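Features as listed in Swiss-Prot:
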BINDING   L356, G357, E358, G359, G360, F361, G362, A363, V364, K378  ATP binding site
DOMAIN    25-129  domain 'Gnk2-homologous 1'
CARBOHYD  N37  N-linked glycosylation site
CARBOHYD  N54  N-linked glycosylation site
CARBOHYD  N64  N-linked glycosylation site
CARBOHYD  N106  N-linked glycosylation site
CARBOHYD  N126  N-linked glycosylation site
CARBOHYD  N150  N-linked glycosylation site
CARBOHYD  N254  N-linked glycosylation site
CARBOHYD  N281  N-linked glycosylation site
MOD_RES   Y423  phosphotyrosine
MOD_RES   S479  phosphoserine
MOD_RES   T515  phosphothreonine
MOD_RES   Y523  phosphotyrosine
REGION    259-282  region 'Disordered'
TOPO_DOM  25-292  topological domain 'Extracellular'
TRANSMEM  293-313  transmembrane segment
Amino acid sequence: MKQRSLFSVLCFFFISFGVASVSAQTCTTDKGTFRPNGTYDVNRRLILSSLPSNVTDQDGLYYNGSIGQQPNRVYAIGMCIPGSTSEDCSDCIKKESEFFLKNCPNQTEAYSWPGEPTLCYVRYSNTSFSGSADLNPRNWLTNTGDLDSNLTEFTKIWEGLMGRMISAASTAKSTPSSSDNHYSADSAVLTPLLNIYALMQCTPDLSSGDCENCLRQSAIDYQSCCSQKRGGVVMRPSCFLRWDLYTYSNAFDNLTVASPPPEPPVTVPQPAGDQDNPTNNDSKGISAGVVVAITVPTVIAILILLVLGFVLFRRRKSYQRTKTESESDISTTDSLVYDFKTIEAATNKFSTSNKLGEGGFGAVYKGKLSNGTDVAVKRLSKKSGQGTREFRNEAVLVTKLQHRNLVRLLGFCLEREEQILIYEFVHNKSLDYFLFDPEKQSQLDWTRRYKIIGGIARGILYLHQDSRLKIIHRDLKASNILLDADMNPKIADFGLATIFGVEQTQGNTNRIAGTYAYMSPEYAMHGQYSMKSDIYSFGVLVLEIISGKKNSGVYQMDETSTAGNLVTYASRLWRNKSPLELVDPTFGRNYQSNEVTRCIHIALLCVQENPEDRPMLSTIILMLTSNTITLPVPRLPGFFPRSRQLKLVSEGSESDQYTSKSSSFSS
């Protein structure tokens with residue numbers, strides 16, 4: 001009996017180690033593809049990265065949601081079987097979501113039923129599949145071993161178990177081994193030493209009839225292909241079936257298996273010469289020893305081969321994962337996901353006293369994380385259609401951008417229909433808070449303002465040219481420039497930002513969005529935007545920084561001149577050889593006139609009507625940092641009123657007072 005017990009234990013280990021992983025991911029190839037880095041890709045990353053927290057936040061560990069607008073809307077489902085811990089469930093869904101992001105590079109649909117550390121389900125698609133019974137594409141896996149027991153008896157027991165479980169799962173009745181979300185786990189005695197353990201799950205959105213049909217078809221398919229194997233799995237987009245001869249899941253921990261029938265007496269045949277001595281212990285010992293001598297080395301050898309194979313497989317998988325990560329240009333955002341409860345606690349439940357301000361897309365709150373870090377929490381408005389687009393852009397774009405003159409994104413939250421961005425907290429608020437407040441203007445002397453102009457220029461240059469992506473901000477304005485404790489500028493608010501292709505120079509849109517006072521003429525009137533439209537906005541910003549006045553105001557040189565905005569006012573002053581009248585009076589005489597004049601000159605070059613006439617950012621930075629470059633005469637700015645009352649200086653003439661006369665520079 002001892003030898004038999006040893007043999008049973010070794011068989012158990014053989015079965016356990018011989019089973020393949022049940023996870024088989026399907027990146028559907030016949031449902032279309034999407035453009036990497038495009039809007040669908042952005043939406044897919046957002047919904048998959050937030051799926052673990054969204055699922056575990058639900059009492060039933062089931063989440064069905066979507067993000068975006070057609071044709072780039074992404075639908076997703078995540079779920080775990082009943083009894084799963086939140087930690088195991090989150091881990092399972094996170095691993096599978098990461099797999100899809102790395103290994104389904106442009107497929108618009110994929111699904112998987114991974115089994116570790118618990119059984120979970122992840123699916124995404126560009127079309128709604130809620131309530132739809134999808135039987136294809138189908139996958140199956142089998143145990144490597146064959147059945148040793150009577151196949152006819154096994155089939156009878158297996159079919160009885162399958163029928164009982166399909167009925168329990170599809171009728172959605174809660175029993176000790178099933179729940180009301182189309183799930184069932186059960187077992188049946190096969191032999192005194194072996195039980196059949198089976199687990200079934202349909203997606204909870206299916207009707208009872210569709211669930212039954214899906215599971216029954218899976219059972220039929222398995223019988224057709226693999227009925228002699230010791231275990232197997234059939235996976236479809238809408239249902240899952242697995243059975244095996246060992247407890248592969250904690251779902252079976254509380255199951256009570258019916259007691260096996262009494263074990264029949266075992267008769268050991270004796271050699272013919274010893275028939276008169278039925279109690280010959282030597283002969284009996286030799287037979288058992290032979291069995292053990294043959295069985296143990298064989299099983300150990302198989303185990304060694306399996307372990308070696310497993311180690312080699314893991315090494316190969318690790319290499320492939322490292323290679324995929326190193327080749328991917330898009331950083332995953334999973335590590336940046338915050339749960340809603342954390343953000344709610346950080347902002348004192350979005351208390352009014354924590355509110356820093358409010359814009360067109362939502363409110364901004366000051367928060368403090370549990371580790372003591374101060375953060376700025378941007379809670380997008382649920383009523384704003386633009387808010388959804390803003391969230392998608394900011395959450396993905398800003399994670400790719402690292403520059404001292406760009407605000408840093410710490411994370412985001414996409415739960416309970418909330419869209420929240422968590423930024424580093426910048427202590428001195430935004431530029432407009434100081435620039436347009438008569439009591440605070442004096443805190444920004446010319447030295448600080450000149451430093452701010454240079455920092456903004458370097459930040460835009462990074463967006464346009466120096467980052468891995470070519471990004472047009474499209475909403476540069478004083479309220480989107482934050483100031484840190486040392487008054488260093490940080491560009492923020494990437495809700496309208498657009499990624500350009502390597503060779504792309506211009507984009508077009510029918511949806512004009514942003515702040516009109518900073519818009520270039522070609523964008524405001526025709527929806528055309530490019531790097532040159534950002535440069536126009538930069539020029540407006542420079543004039544505001546120098547003057548302490550808003551471009552949206554109305555200004556005129558004297559009673560006889562036509563009123564205009566700050567840009568036209570600055571252009572008139574320039575052409576009438578009195579640009580320093582633009583300077584903020586709070587400076588007094590504490591500024592260098594040549595430095596200020598040069599900045600006004602550069603700003604007027606940036607706001608020229610023709611985009612081709614505006615300098616590139618690399619040229620602008622050279623103009624700001626070098627006095628040896630001769631600047632061209634600025635042409636008329638955009639929206640300039642052609643008034644006969646205005647006396648213009650000839651386009652071809654230059655004044656020594658307003659242009660540097662050293663070596664020429666061509667942009």
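A Cβ is built for glycine as well, from the same backbone N, Cα and C atoms used for every other residue.
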Which three-state DSSP class does T515 (phosphothreonine) fall into?
coil
Candidate nearest E358 (ATP binding site) in space, where candidates are the recorded positions N106, N126, Y423 and distance is Cα-Cα:
Y423
Just give me the nearest neighbour of the residue listed as 'phosphoserine' among the recorded positions N37, N54, V364, Cα to Cα.
V364
How many helix, strand and coil residues does the domain 'Gnk2-homologous 1' (25-129) contain under DSSP?
35 helix, 26 strand, 44 coil
If you measure G362 (ATP binding site) to Y423 (phosphotyrosine) at Cα, how many Å is it?
14
Would you count the other CB atoms within 10 A of the CB of the residue listed as 'phosphoserine', including those on all shown protein chains?
18
For Y523 (phosphotyrosine), nearby residues of its own chain (Cβ under 8 Å, 6 or more apart in sequence):
R474, I512, G514, Y529, S533
For N150 (N-linked glycosylation site), what is the secondary structure state per DSSP, taken as helix, strand or coil?
coil
Provide, as an integer number of angstrom, the distance between the C-alpha atoms of N37 (N-linked glycosylation site) and N106 (N-linked glycosylation site).
10
Of N106, V364, the recorded positions given in the record, which has the fewest other CB atoms within 10 A of its CB?
N106
Which residue, of the recorded positions N54, N64, N126, N150, T515, has its CB surrounded by the fewest other CB atoms within 10 A?
N150
Please report the Cα separation of Y423 (phosphotyrosine) and V364 (ATP binding site) in Å, rounded to an integer.
10
Just give me the nearest neighbour of N54 (N-linked glycosylation site) among the recorded positions N106, N126, N150, L356, Cα to Cα.
N126
Least surrounded among the recorded positions, given as N37, L356, E358, G362, Y423, when other CB atoms within 10 Å are counted:
E358
Between N106 (N-linked glycosylation site) and N126 (N-linked glycosylation site), what C-alpha distance do you get in Å?
12
CA-CA, which of the recorded positions N64, N126, N150, V364 lies nearest T515 (phosphothreonine)?
V364
